[in-house]
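Read the structure below first, then the notes.
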Amino acid sequence: MLSIDLSGKKALITGSTRGIGRAIAEYLASAGASIVITGRDRSRAQEIAKELSDKYSVPTFGTSINLEDPNSVRACCEEIQSKVGDIDILVNNAGITKDKLFLRMSLEDWEEVLKVNLTGTFLITSFFVKDMVKKRWGRIINVSSVVGFTGNAGQVNYSTTKAGLVGFTKSLAKELASRNITVNAVAPGFIETDMTSLLPEDLKQEYLKGIPLGRFGKPEDVAGAVLFLCSPLADYITGEVIHVNGGMY
Ligand code: NAI
């Protein structure tokens, strides 16, 4: 019987205090991986880490990180390296939106989203990839979005970062393949989380009409694709994007 066993692997998931990141952490823990939870809130990250270690009997560690600030990223990565050691699986999940029509979008709106979604991903990946290269094994999964492929009014800044992550994924996959490190992306559609909870109900109903499977996604729908990409079932897949969107694209 096929089963996914990630015991012995250490996984770091950014933005795993809630939503999609939390579901990914839960799925990887249930497959036996050690888990590092990070988010903006340190005590929340520690709380989730404890919950997962109690539930799945795997080692966990929780800490805060502010992806907007390169100094915070470095300090947090060093803390993780000293307390946990090398990371085998890195899931770049944290992301923010700052939606506005382009004509009203300020440089600040643009830069803030780029800092977290793209530069944050660059910084954290640069730090942990070195140990993966030395060990000649690693799995990097970046969380993109359907809007990086379709575009979306009001999200020029956000969709730019999500399309950018696809270029990041494909180029890095080519650079790292000879070291047995795969780099892939998942592109969720409309997933029910805090990020989407504030959208007006009429807009949600409009989106729903465009989803052939007839429902919004759950964080677990995305977590399943990430678990697959971390597993030996996906050892020969790199530079790829898995769309998890109920058929909307
Ligand atoms: P969420 O807003 O529920 O959770 C975001 C997580 O990122 C939180 O843990 C938060 O602490 C962390 N985070 C935010 N800013 C941060 C910063 N400056 N430094 C460090 N951590 C930070 O979001 P959700 O919905 O779970 O989204 C997760 C990822 O999935 C994001 O990259 C998002 O763009 C992407 N996505 C979400 C979709 C959806 O419909 N919810 C659709 C497509 C992509």
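Just so you know, the numbers here start at 1 and follow the chain as drawn.
Using N, Cα and C of the backbone, Cβ positions are placed for all residues, glycine too.
For the recorded site, TYR158 (active site, proton acceptor), the DSSP three-state label reads helix. Taken from TrEMBL, the feature active site, proton acceptor covers TYR158.
Following the DSSP three-state reduction, the secondary structure of ILE191 (NADP(+) binding site) is strand. Neighbour density for ILE191 (NADP(+) binding site): within 10 A of its CB lie 22 other CB atoms from the protein chains shown. The feature NADP(+) binding site is assigned by TrEMBL to GLY15, SER16, THR17, ARG18, ASN93, TYR158, SER159, THR160, THR161, LYS162, ILE191.
Per TrEMBL, domain 'Ketoreductase' is recorded for 9-189.
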Length of the line joining the Cα atoms of TYR158 (active site, proton acceptor) and ASN93 (NADP(+) binding site), in Å: 14
Secondary structure at ASN93 (NADP(+) binding site), reduced by DSSP to three states: coil
Local confidence of the domain 'Ketoreductase' (9-189) - pLDDT mean: 98
Proximal but sequence-remote residues of the same chain as GLY15 (NADP(+) binding site) (Cβ under 8 Å, at least 6 apart): GLY21, THR38, GLY39, ASN93, ALA94, GLY95
